[in-house]
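Annotated features, as they stand in TrEMBL:
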BINDING   22, 84, 123, 452  (6S)-5-formyl-5,6,7,8-tetrahydrofolate binding site
DOMAIN    220-373  domain 'TrmE-type G'
BINDING   230-235, 249-255, 274-277  GTP binding site
BINDING   230, 249, 251, 254  K(+) binding site
BINDING   234, 255  Mg(2+) binding site
Ligand code: GDP
Ligand code: ZN
């Protein structure tokens, strides 16, 4: 299908032990051959790893000692001939080999282009391609297994099933239109098509119900830990991390004063907002200003508000209590190992903790799980829909189907009904990447990393 052969560095750039340069396309093998000083990989069996050396064809100079995987179409990642060169991991060597491949006739791959080819060559559908991106960006065990299920085609299978059932309805309508001798249209719609449509509607709703949990599993719960200075925010964070052997998997500054970090706590991923503020023992409201903290609070799906049991409530405590009043919030009454001086009757529903005695953390975790109805998140057998694009499309398809159902109920002409039904079928197809526009495809795949 594609005339050109692409090449890209598939491993992270930096000084690793090895780097992998991937070449894909109809000339992948002959282009690589040009760097092998007469050796012919066409003679290698498919799906073998071959030891050898890369040479600069112009100077004859040896560039690196390598292992070369040869995989012939169609049983490869892109469904094209694929060669993967495992070289020593230095930036210089890796770039040099890529450069030589480009001189030998390959074109440098765009981000996500290998995966895009896998999709366009029909090896995976679009939902599966998007799962590959999710695997790369997975932040927790859950989001990883979710993504693996996606690559495995679970969502795709459910969507395909729905489409087949919709197609069945369309076929019934068409038969009715084509053979007017069965012209008791009304009877057919109410007795046959309506129950079928309702059944599909139920399936769509059921899958959509998994979206909330799916997105939480995928992206974590956006959490802000707030409280005035010295109440124990940093201690709480450390406790969450240490106690559950959680790891901070990613702390990357997005802007100078907002830092996000992910911690995995007992099967939950908390996507912490403004970790920097917490770490520096600074008070969120004072340090970054009321406007900014309001913004953080509005972005948060969960607020952990920490109060100090040992001291009476301050104005600032009251302000924070009020500010978070309507949010999903857990109030943490910390330092319960010390004398209680706080006005407990003024505080709604709180959890008592002592970071010193290591008490209350489990309770906290359980409340979070309860709050987000994550009772059975351990079970990855369930299929969750978690990709925002898929969710949006599924909602659209549901709306169309419901329009059709309404039309059936009031006895509209069957070809009017058919328009909405066909629309639902079409929209579901977009989840799988059917009839999807080039612009959207480019946008989706450009979010991938280079070499993927
Ligand atoms: P932050 O400013 O809100 O982040 O508060 P820190 O976590 O830095 O804690 C402030 C001080 O309170 C430190 O000296 C902690 O050791 C202490 N602290 C935190 N939690 C507790 C607790 O549960 N009991 C007692 N007694 N001290 C605590
Ligand atoms: Zn702190």
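From the backbone N, Cα and C atoms, a Cβ is placed for every residue, glycine too.
Bear in mind that TrEMBL entries carry predicted annotations, made automatically and left uncurated.
Note that the structure is a prediction, hence the values are computed from the model and not measured.
Overlay of TrEMBL feature records on the structure.
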{"residue": "22", "record": "(6S)-5-formyl-5,6,7,8-tetrahydrofolate binding site", "DSSP (3 states)": "strand"}
{"residue": "84", "record": "(6S)-5-formyl-5,6,7,8-tetrahydrofolate binding site", "DSSP (3 states)": "strand"}
{"residue": "123", "record": "(6S)-5-formyl-5,6,7,8-tetrahydrofolate binding site", "DSSP (3 states)": "coil"}
{"residue": "230", "record": "GTP binding site", "DSSP (3 states)": "coil"}
{"residue": "452", "record": "(6S)-5-formyl-5,6,7,8-tetrahydrofolate binding site", "DSSP (3 states)": "coil"}
Inset, instruction - Can you grab the distance from residue 22 ((6S)-5-formyl-5,6,7,8-tetrahydrofolate binding site) over to residue 230 (GTP binding site)? Cα atoms, rounded to a whole Å. - result: 52
Inset, instruction - For residue 123 ((6S)-5-formyl-5,6,7,8-tetrahydrofolate binding site), list the number of other Cβ atoms lying within 10 Å of its Cβ atom. - result: 19
Inset, instruction - Give the subset of the binding-site residues 22, 123, 233 lying near ligand 1, defined as CB under 6 A from any of its atoms. - result: 233
Legend entry - binding-site residues close to ligand 2 - of 22, 233, 452, only those whose C-beta is under 6 Å away: 233
Inset, instruction - Within 10 Å of the Cβ of residue 22 ((6S)-5-formyl-5,6,7,8-tetrahydrofolate binding site), how many other Cβ atoms can you find? Include all protein chains, please. - result: 23
Inset, instruction - Rounded to the nearest Å, what's the C-alpha distance separating residue 230 (GTP binding site) and residue 123 ((6S)-5-formyl-5,6,7,8-tetrahydrofolate binding site)? Just drop the number here, would you? - result: 56
Inset, instruction - Please name the residue among the binding-site residues 84, 230, 234 whose C-beta has the most neighbouring C-beta atoms within 10 angstroms. - result: 84
Inset, instruction - For the (6S)-5-formyl-5,6,7,8-tetrahydrofolate site as recorded (22, 84, 123, 452), determine the largest distance between any two Cα atoms, in Å, rounded to the nearest integer. - result: 19
Inset, instruction - Based on Cβ atoms within 10 Å, give me the single least packed residue among the binding-site residues 233, 452. - result: 452
Inset, instruction - May I ask which of the binding-site residues 84, 123, 452 is closest to residue 234 (Mg(2+) binding site) if we compare their C-alpha atoms? - result: 452
Legend entry - Rounded inter-Cα distance in Å - residue 452 ((6S)-5-formyl-5,6,7,8-tetrahydrofolate binding site), residue 233 (GTP binding site): 39
